[in-house]
Amino acid sequence: MFDANCLKLMFVAGSQDFYHIKGGKNDRINALLDTLELALQSQITAFQFRQKGDLALQDPVEIKQLALKCQKLCQKYGTPFIINDEVRLALELKADGVHVGQEDMAIEEVIALCKKHQFIGLSVNTLEQALKARHLDAVAYFGVGPIFPTPSKKDKQVVGVELLKKIRDSGVKKPLIAIGGITTHNASKLREYGGIAVISAITQARDKALAIEKLLNNA
């Protein structure tokens with residue numbers, strides 16, 4: 001079951017987001033698992049498993065193994081576990097949710113496969129995309145961004161806080177979660193529009209627990 005409160009602070013990450021860690025693939029995997037457990041203890045409200053980018057795992061077996069470990073941690077703390085893009089994996093692992101973008105599997109197909117099993121999040125980068133999908137009851141929330149410049153979405157045009165305002169003012173009733181370049185310094189600008197999703201604000205933080213506390217207080 002979907003509860004919009006889980007959008008307050010969503011941590012999004014994969015092993016590739018620990019590129020700053022010395023060592024190889026296994027060191028990045030361990031860094032993800034350690035950071036996820038700390039984040040769960042610090043009361044993030046959801047975790048989204050996302051393997052994308054140059055250093056992302058490529059072997060489906062390794063991806064599944066890591067996803068399972070992340071899922072077990074989320075279950076231990078009673079926190080929703082969401083899989084980004086990998087619809088089949090979300091179904092196989094019985095993830096709580098699945099999040100897809102505009103370039104991933106067609107949203108109608110995702111709904112047909114997942115609506116009885118997972119809640120569904122959809123990324124929107126324009127007002128038109130939000131208006132087009134507003135009638136899809138099976139879509140639980142919209143992920144809106146990138147709000148600020150971000151290295152994880154280099155090819156996407158920054159949409160700014162203005163897009164959140166336009167979507168809300170257009171009468172779209174779905175919960176919104178902002179993503180892209182969100183930090184402890186700018187998160188407060190987004191409070192009135194819904195939740196926030198972050199990657200580097202947690203993975204790159206020296207004091208991760210403190211960063212999460214600040215993000216939760218701002219969200």
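Quick reminder: no glycine exception, Cβ is built from N, Cα and C everywhere.
Quick look at what Swiss-Prot lists:
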BINDING   Gln48, Phe49, Arg50, Gln51, Lys52, Asn84, Ser123, Lys153  4-amino-2-methyl-5-(diphosphooxymethyl)pyrimidine binding site
BINDING   Asp85, Asp104  Mg(2+) binding site
Subject >> Per DSSP, three-state class assigned to Asn84 (4-amino-2-methyl-5-(diphosphooxymethyl)pyrimidine binding site) >> reply: strand
Subject >> Nonlocal residues around Gln51 (4-amino-2-methyl-5-(diphosphooxymethyl)pyrimidine binding site), in sequence order (Cβ under 8 Å, 6 or more apart) >> reply: Gly14, Ser15, Gln16, Leu57, Ile63, Leu66, Asn84, Glu86
Original post:
Looking at Cβ-Cβ distances, which residues of the chain lie under 8 angstroms from Arg50 (4-amino-2-methyl-5-(diphosphooxymethyl)pyrimidine binding site) while being 6 or more apart from it?
Top reply: Val12, Ala13, Gly14, Asn84, Asp85, Ile199
Original post:
Which state, by DSSP, holds Lys52 (4-amino-2-methyl-5-(diphosphooxymethyl)pyrimidine binding site): helix, strand or coil?
Top reply: coil
Subject >> Structural state of Asp104 (Mg(2+) binding site), classified by DSSP into three states >> reply: coil
Subject >> Cα-Cα distance linking Asp104 (Mg(2+) binding site) and Phe49 (4-amino-2-methyl-5-(diphosphooxymethyl)pyrimidine binding site), given in Å to the nearest integer >> reply: 15
**OP:** Enumerate same-chain residues with a sequence separation of six or more from Gln48 (4-amino-2-methyl-5-(diphosphooxymethyl)pyrimidine binding site) and a Cβ-Cβ distance below 8 A; give 'none' if the list is empty.
**Re:** Met10, Phe11, Val12, Ala13, Ile82, Ile83, Asn84, Gly97, His99, Ala197
Subject >> Distance from Asp104 (Mg(2+) binding site) back to Ser123 (4-amino-2-methyl-5-(diphosphooxymethyl)pyrimidine binding site), taken between C-alpha atoms, in Å >> reply: 10
Original post:
Across all protein chains in the structure, which of the binding-site residues Asp85, Asp104 has the highest Cβ count within 10 Å?
Top reply: Asp85
